[in-house]
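S.K.: If you look up Swiss-Prot, you'll see 22-42, 53-73, 94-114, 115-135, 154-174, 179-199, 230-250, 283-303 marked as transmembrane segment.
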Amino acid sequence: MGRKKEVTNAQRQRPEILAQTIKTGIIKSNLVPMFAGLTLALYKYKISPFEKIPEILFAFIGSILIIGAAGAFNNLYDRDIDSIMERTKNRPTVTGDISPKTALWLGIFMTIFGLVFLALTTYLAAILGFIGLFLYVVPYTMWSKRRTIYNTEIGSVSGAMPPLIGWAAIYPDVTHPAIIGLFIIMIIWQMPHFYAIAIRKHKEYEAANVPMLPVVKGVKRTYIQTNVYLVILIIISILLGSLSIGLMLVSLLLSILWLALSIYGYKKMDSEKWAKSLFIFSLFHMTILFSTVIIYSLVGIFFGS
């Protein structure tokens, strides 16, 4: 009885170990912008989703595998600094619940199958998936994260790939201003978002010797740089107007509110509360923007003229 109970407990833990290794939370959050890019392409080119059911399924499966592979590789490489930081010290690669060799092979297999599934949509989607994975693992995880205050900027390009992949899975041309705008918005969005996290986790990053901007340059420099990026975010929102004035206005409003919150909060709150308010609004911003893109696109597909 005792041995059976131990086995059952171990089996219950396996899904959790796998989920933490491939970072299922990040996978879920990235599937939303991927689907936004996908539905926007369907809307732009007046394609019924029912005509593209295989491509839609393959895009989801391929994206899940590629993003999961990135998580596995990141956990594998970062296990030394993850062991120092409170929020990452219980990751399976740190605790030994999964061996480095297993994490490596998991990442390799997920990469191969992820690229295959994306290639079943279009070759461009697979190429973009590979570029995103490579940029996240090599320039970001293996180099810039530990060496420069611009690590967030370098990592942001890979983090902005999902909408491009979604669009490319439907139509193999990502030069339309609307999808370029969505891509750049996702790049810029990451700086205020991750700066806010770094302020709140300042001591952990400092202990792990990770040169995040707030750790190295302080809160005032971070405040200035955050506002610069938010102004850029406002300007880039105009690109969405090439496809929809409504989407452009939603993006403009959200970005202006974010900038106003940053300026007001910095003057009225301590740095911890200011960072928390920016972090919460960053989640609100991205959720509302991409949900609006998806709803607008689907309504246009099914009810548009």
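Using the three backbone atoms N, Cα and C, a Cβ is placed for every residue, glycine included.
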S.K.: Please work out whether the transmembrane segment (154-174) lies in contact with the transmembrane segment (115-135), by counting C-beta pairs under 8 angstroms that are 6 or more apart in sequence and asking whether there are at least 3.
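M.R.: These two segments touch.
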S.K.: Can you tell me which recorded stretch out of 22-42, 53-73, 230-250, 283-303 has the most Cβ pairs within less than 8 Å of the transmembrane segment (179-199)?
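M.R.: Stretch with maximum Cβ contacts: 230-250.
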S.K.: Using Cβ distances below 8 Å and needing 3 or more such pairs, separated by at least 6 in sequence, tell me whether the transmembrane segment (283-303) contacts the transmembrane segment (53-73).
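M.R.: Between the transmembrane segment (53-73) and the transmembrane segment (283-303), which are separate recorded stretches, there is no contact, as judged by 3 or more close Cβ pairs.
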S.K.: Same chain only, please: residues at least 6 beyond the ends of the transmembrane segment (53-73) with a C-beta under 8 Å from a C-beta of the stretch. Say none if there are none.
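M.R.: The answer is 21-24, 26-27, 30-31, 34-35, 38, 103-104, 106-108, 110-111, 113-122, 125-126, 129, 132-133, 136-137, 141, 158, 162, 165-166, 169-170.
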